[in-house]
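These notes are about the structure you will find just below.
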Amino acid sequence: MEQTFIMIKPDGVQRGLVGEIISRFEKKGFSLKGLKLITVDRPFAEKHYADLSAKPFFSGLVDYIISGPVVAMIWEGKNVVVTGRKIIGATNPSESAPGTIRGDFAVEIGRNVIHGSDSVESARKEIALWFPDGPVNWESSLHHWVYE
Ligand SMILES: Nc1ncnc2c1ncn2[C@@H]1O[C@H](COP(=O)(O)OP(=O)(O)OP(=O)(O)O)[C@@H](O)[C@H]1O
């Protein structure tokens, strides 16, 4: 089954949004396969955002990500990468629809609360980076009530 990497950024942790965000993914029917609260250092954050290293906001983005603990998660489910991005909402909160996490809880692009992998390939790379020991292997007993 498809997996994605979701990270609650330092502002999401500081603002007490961890439970709310986890709840939205759980209620949708996705399964939590990895979870840790972790503060990352600059080289690690630079590696995670390596694709954006040429962007003018890169160093500010890295400062933001290392400014406090983040909640790193693996979520699993059918189409979880694309659906996870829909649950999160557009990158710029001024364009994120109400009902999405960023639409409901964020105002500025540089404080947009949460990250989600943008493709199955990025998810694979990000899960390998953040969870070198891989996901936790379990299946929800609700599986048959979510999938036909
Ligand atoms: N113009 C900008 N100014 C400041 N920060 C930005 C800007 N554009 C993007 N960012 C930050 O960089 C992150 C990564 O940008 P990207 O274009 O990959 O968007 P995304 O894929 O929606 O976000 P994420 O990778 O965090 O899920 C954004 O979530 C945001 O925090």
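Yeah, the Cβs are placed from backbone N, Cα and C, and that goes for glycine too.
DSSP assigns HIS115 (active site, pros-phosphohistidine intermediate) to a strand. Counting Cβ atoms from all protein chains shown, HIS115 (active site, pros-phosphohistidine intermediate) has 20 others lying within 10 Å of its own Cβ. Residues or ranges marked as active site, pros-phosphohistidine intermediate in TrEMBL: HIS115.
In the three-state DSSP classification, PHE57 (ATP binding site) falls within coil. Sequence-distant neighbours of PHE57 (ATP binding site) (same chain, 6+ residues apart, CB-CB distance under 8 A): GLY110. Under the heading ATP binding site, TrEMBL lists LYS9, PHE57, ARG85, THR91, ARG102, ASN112.
Taking H, G and I as helix, E and B as strand and the rest as coil, DSSP gives the domain 'Nucleoside diphosphate kinase-like' (1-138) the counts 62 helix, 26 strand, 50 coil. If you look up TrEMBL, you'll see 1-138 marked as domain 'Nucleoside diphosphate kinase-like'.
Checking the binding-site residues LYS9, ARG85, ARG102 against ligand 1 with a 6 Å cutoff on the Cβ atom leaves no residue at all.
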